[in-house]
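S.K.: Handing you this structure, nothing more for now.
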């Protein structure tokens, strides 16, 4: 079972930082905040919008104890109609579908929205999750690396400031022959699934232009025979699917937004270059008009990541994600991480070495900056400034940078509590203590209570 502490917590915000690490993290926090105004005045800065959200990723047990729901709910209505011929499909619907329904209800989705999302999930997601686990709860034949225990789907709940949230999920479609000699790398399932949705017009606004471009430039084609044992047999990285992609849906109230996560390290390893270099080449190779709309913001980002970020922090680039929307509306996200936990690391990464203006002049309040540092210290304040080499990649605090035509770069933080906190209970206690001291306490604690209620009602 994936537990709360195994899943990343995310927050948006940032500030400038340069300080010596001879002082504690909490002392450094105060020094950093005093440094913000001075740094902003002396740097050629880019503006970045302020947004504050927290994501938490609850997971269903792989063999849960089902509890009856009110028969008048969207779940009970749809469940009464759903009978799959495949025991595997039925298993995933019975288990993950029920949990998904609970999340939708607790996150404040209307009955109409719940019907829409549950029906789509039953017809187009549950059947893609592969074989049911064995009697001991062990995954069979194909292990999806997106979750530590290989559960094939990852649910998350984005807590917003309006008292409600956005439920999201990501998964790797698993083909019927995945992990067998007929399809050893699960090479076809994701593309088949996306193309089927496109042909049937099942997702409003779905646009595959960037999907086709970035998968072509960042991945080997399924029929390409140039992949070697380096990426087909040997261990690459514990979070990398061998086919190189994971799909995701953000369940906005107006309808789902589809995304795809692409893992460039597979092709980069075969080419003998680092993943960020491959990502940079791909972005710069976009059609001229599209690249021009991104250039002024993406080039300072790439310059930082390939320069100071790589040299000072040892950034590794694991993922590039895109919205499957018209390129004029789609976002590109570049995910990086490093084995550091200091406040200096946090601030340097979020400001691109001081180029993003996170001072009050740039629209950021001192309170917002203090909230960010408190959030970081809540989870990482007691950890060493540099993690030991034997810590896995999942333990490394990271960042993702969102780039969109006509918009400034937006940096965000993600941290997996599993490596820094002893238990789920402690994760929740720390979050509760943190949120109880924030200005938006009623909204945030209310959502947290509903999240805990969702887990309790399911487990």
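Including glycine, each Cβ sits where the backbone N, Cα and C put it.
Pulled these from TrEMBL:
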- 168, 259, 261, 331, 333, 335, 414: dimethylallyl diphosphate binding site (BINDING)
- 263: L-tryptophan binding site (BINDING)
- 51-70: region 'Disordered' (REGION)
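How buried are the listed features, and what sits near them?
M.R.: The DSSP secondary structure for residue 261 (dimethylallyl diphosphate binding site) is strand.
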S.K.: Let me check the 10 A CB neighbour count of residue 261 (dimethylallyl diphosphate binding site). How many other CB atoms are there?
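M.R.: Its Cβ shell of radius 10 Å holds 21 other Cβ atoms.
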S.K.: My understanding is the cutoff is Cβ-Cβ under 8 Å with a sequence separation of 6 or more in the same chain; which residues meet that for residue 335 (dimethylallyl diphosphate binding site)?
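M.R.: Counting only residues 6 or more apart in sequence, the Cβ neighbours of residue 335 (dimethylallyl diphosphate binding site) under 8 Å are 317, 318, 319, 320, 321, 398, 399, 400.
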S.K.: Residues with Cβ closer than 8 Å to the Cβ of residue 333 (dimethylallyl diphosphate binding site), same chain and 6+ apart in sequence?
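M.R.: 319, 320, 321, 322, 400, 401, 402, 403 - these are the non-local Cβ neighbours of residue 333 (dimethylallyl diphosphate binding site), listed in sequence order.
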S.K.: For residue 259 (dimethylallyl diphosphate binding site), which residues in the same chain are close in space, meaning a Cβ under 8 Å from its Cβ, but six or more apart along the sequence?
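M.R.: Expected: 170, 247, 248, 249, 250, 321, 322, 323, 324.
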S.K.: On a count of neighbouring CB atoms within 10 A, which of the binding-site residues 263, 414 is highest?
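M.R.: Of the binding-site residues 263, 414, the most buried by Cβ count within 10 Å is 263.
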S.K.: For residue 168 (dimethylallyl diphosphate binding site), just count the other CB atoms lying within 10 A of its CB, please.
M.R.: 21
S.K.: Cα-Cα separation of residue 263 (L-tryptophan binding site) and residue 168 (dimethylallyl diphosphate binding site), in Å?
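M.R.: So the Cα of residue 168 (dimethylallyl diphosphate binding site) lies 20 Å away from that of residue 263 (L-tryptophan binding site).
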